[in-house]
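The next block holds one structure in the form of structure tokens; read it before the comments.
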């Protein structure tokens, strides 16, 4: 890597999810529909939180940020995957490939920290309710979100500044639907074993640190919930169940892709699809279908829209 970027590869070939034309068309229709639902669902959540005064609280402020990140998580790779289903030659430029890697790790690091921040918010609300308004002030919430973006950016930069300097001289085929960091490193014209271990350690530090913080927060929450009255405990447990479900759905695939890779091609592809498509799809559903306040906000928005339409 001393010679800088010795790449003579100007583009990479993505092998995608299959070769059958009928299967490609079916995938196109399925993933296009899912992507439109993801974008629409997350925009609806952000719109409700911004416009509904009842949702102007730290928890929903963080949820709006999570929805924004989820939308970009899917938008990083899914549109390219969808368009490639109708193409015979699935190629991506070197710059486009590096951009996908950078954004994948930027968004992953950002979302991990936001999930930790949401867990901290629930910890303060349930374990220290009398101090909640003081601890979770607007100023503190803004700084927590800025910290999340900073961690995501620093993590992504630590990955891309190394990868972009690797010597790529062929082959250039990537057996996936996007530029997955481990697969791209495998194409470097060098022994990349130590580099892959270093990259996995880098991802592991971020992921495991966030996971431990999440574990600590939810352990304290569950202990407090068990000591409280049944009514309050039930509501708190319902909210935390939704949060924990989202954490499992996000961290599961992320760990097996970047921290502890399975090196099984079909499994890696399945986890990558789950991580980039189904996680951003399920998050809005979990937070809206299990959340009474969000359901009420949807009803108020619908009622306001119908009244506005009726008056015009």
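Heads up, residue numbers simply count up from 1 along the chain you see.
Yeah, the Cβs are placed from backbone N, Cα and C, and that goes for glycine too.
According to TrEMBL, the protein has these features:
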TRANSMEM  25-50  transmembrane segment
DOMAIN    41-287  domain 'G-protein coupled receptors family 1 profile'
TRANSMEM  93-120  transmembrane segment
TRANSMEM  141-168  transmembrane segment
TRANSMEM  204-225  transmembrane segment
TRANSMEM  237-260  transmembrane segment
TRANSMEM  272-290  transmembrane segment
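Most Cβ pairs under 8 Å to the transmembrane segment (272-290), among the stretches 25-50, 93-120, 141-168, belong to 25-50. Mean model confidence for the domain 'G-protein coupled receptors family 1 profile' (41-287) is a pLDDT of 86.
Long-range contacts of the transmembrane segment (141-168) within the same chain: residues 1, 3-9, 58, 61-62, 65, 94, 98, 101-114, 117, 120, 181, 184-185, 187-190, 192, 195, 199, 202-203, 206, each at least 6 residues beyond the stretch ends and with a Cβ under 8 Å from a Cβ of the stretch.
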